[in-house]
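Asks: Relevant sequence annotations retrieved from TrEMBL are reproduced here:
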| type | residues | note |
| --- | --- | --- |
| DOMAIN | 25-467 | domain 'Major facilitator superfamily (MFS) profile' |
| TRANSMEM | 73-93 | transmembrane segment |
| TRANSMEM | 105-122 | transmembrane segment |
| TRANSMEM | 134-154 | transmembrane segment |
| TRANSMEM | 166-186 | transmembrane segment |
| TRANSMEM | 198-217 | transmembrane segment |
| TRANSMEM | 282-302 | transmembrane segment |
| TRANSMEM | 317-340 | transmembrane segment |
| TRANSMEM | 347-366 | transmembrane segment |
| TRANSMEM | 378-402 | transmembrane segment |
| TRANSMEM | 414-437 | transmembrane segment |
| TRANSMEM | 443-463 | transmembrane segment |
């Protein structure tokens with residue numbers, strides 16, 4: 001089985017990433033983040049074919065061509081209902097994981113992906129554009145659940161010194177999904193009038209692969225210990241994820257966090273909102289997640305073709321140019337995952353948003369002069385690539401990592417629910433408002449410059465660095481700004497746990513751990 005080997009594929013900070021942990025990160029993200037990314041790009045290539053299908057179905061039903069306003073409305077619903085489904089999925093996460101846990105929720109979520117794939121792939125055969133709309137809604141629900149549960153699962157199964165790198169699997173697989181959607185959408189592959197429905201049937205492939213692997217991987221040990229009170233199960237899970245027998249230090253860290261919390265039972269959203277001890281964590285996550293969507297990258301994905309046409313590129317080469325944007329996005333996400341534990345979350349976030357502001361500003365300048373200088377469109381294209389790379393260097397994945405890091409166990413599900421709600425409402429707002437923002441023409445991207453600058457300023461003054469910190473360390477770093485006293489006694493207990501010569505944890509302060 002995948003988790004029986006402690007074979008090290010990668011060494012970070014003198015400790016191995018085991019096959020079990022790597023499998024959980026990759027296959028967990030494959031059946032979750034990858035599907036979300038794929039759905040961001042997959043509707044671009046077959047857009048004209050789907051609209052033609054709507055028209056053909058309308059004629060067969062009503063004996064007359066569909067009105068231009070109606071087909072525009074149907075297409076807008078098809079695109080935007082994905083975000084509405086995502087919002088519903090995010091709102092349902094807390095209830096589902098209460099019953100099924102992290103791993104069980106991910107497994108259930110694959111069912112939504114398979115159902116959506118069937119509806120989207122068979123809609124043309126059934127002559128029902130309603131099936132496409134419902135399918136997009138269901139795959140939105142799948143994505144809403146995935147983007148909340150997967151970062152939670154990865155954050156809880158990973159040692160603190162590699163939590164950022166493993167967490168970036170979420171971002172990397174989103175980017176890989178976008179890139180895959182672009183590749184399969186090429187005219188030489190599935191971007192044809194006779195094959196476009198197969199683009200959607202492909203959704204079932206990563207879901208089935210996750211269904212084949214995830215059952216053999218452990219549940220989150222923190223969930224097992226703190227919510228299920230299954231210490232033996234938690235110990236086995238830690239052993240398999242970390243590839244070592246003695247996990248007493250990890251278990252004691254979780255016990256200390258449980259003792260330090262006022263309420264070890266899962267808190268509701270209302271309790272989270274009312275608790276002054278987490279106010280600034282909550283504000284930080286809401287602002288970071290809003291900036292993740294409102295920084296303008298989704299506007300580029302939704303309207304890439306239009307932006308490139310306005311930049312002066314020939315229509316027949318645009319699919320291949322779009323392909324290069326997906327490749328840059330994937331490479332930048334991988335690079336971010338490799339350096340996040342050295343540079344830290346805060347510098348990467350601030351750099352990413354600041355660089356986006358710079359390149360959006362340059363793009364505005366270049367678009368204003370593209371009619372007067374023949375080579376100016378190429379500079380516009382370079383700016384688009386630079387914006388994408390800047391986004392993926394930090395803002396593209398770190399907000400999800402932070403949501404798991406800034407909250408202790410009892411508040412984490414509610415925090416992901418709130419973060420997911422902000423994420424999907426912002427996503428919907430960008431898709432809805434950008435056509436109006438486009439009326440500013442070449443100055444449209446200045447709106448996103450403002451968002452990126454304000455986000456960078458807030459993060460600089462408020463966000464602490466969270467790399468290589470326990471969840472209790474991070475909570476204590478917010479204690480001063482929240483104007484509360486930190487759980488110092490339990491914090492000292494965690495910080496005092498040092499490995500002895502035999503690798504076992506010992507309390508160097510001689511503190512009574514039951515106090």
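Quick reminder: no glycine exception, Cβ is built from N, Cα and C everywhere.
Explain the structural surroundings of these features, please.
Replies: Outside the transmembrane segment (105-122) by six or more residues, the chain places 28, 31-32, 35, 93, 96-97, 131-132, 134-136, 138-139, 141-142, 145-146, 149-150, 153, 197-198, 200-204, 206-208, 210-211, 214-215 with a CB less than 8 A from a CB of the stretch.
Same-chain residues lying 6+ beyond the ends of the transmembrane segment (166-186) with a Cβ under 8 Å from its Cβ atoms: 17, 21, 25-26, 28-30, 32-42, 44-46, 147, 150-151, 154-155, 158, 199, 202, 301, 319-320, 322-323, 325-327, 329-330, 332-334, 336-337, 340, 392, 396-398, 400-401, 404.
Long-range contacts of the transmembrane segment (198-217) within its own chain (CB-CB distance under 8 A, at least 6 residues past either end) are made by residues 1-3, 20, 23-24, 27-28, 30-32, 34-35, 38-39, 42, 45-46, 103, 106-107, 110, 113-114, 116-118, 120-121, 135, 139, 181, 184-185, 190-191.
If one looks beyond the transmembrane segment (282-302) by at least 6 residues along the same chain, the residues whose Cβ comes under 8 Å of a Cβ in the stretch are 40-41, 79, 178, 272-273, 325, 349, 353, 356, 360, 384, 387-388, 391, 395-396, 398-399, 402-403, 406, 415, 418-419, 422-423, 426-427, 429-431, 434, 437, 445, 447-448, 451-452, 454-455, 458-459, 462-463.
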Asks: Counting only CB pairs under 8 A, let me know which of 73-93, 317-340, 414-437, 443-463 has the most with the transmembrane segment (347-366).
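Replies: Between the stretches 73-93, 317-340, 414-437, 443-463, 443-463 has the largest tally.
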Asks: Across the whole of the domain 'Major facilitator superfamily (MFS) profile' (25-467), what does the mean pLDDT come to? Round it, please.
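Replies: The predicted confidence over the domain 'Major facilitator superfamily (MFS) profile' (25-467), as a mean pLDDT, is 90.
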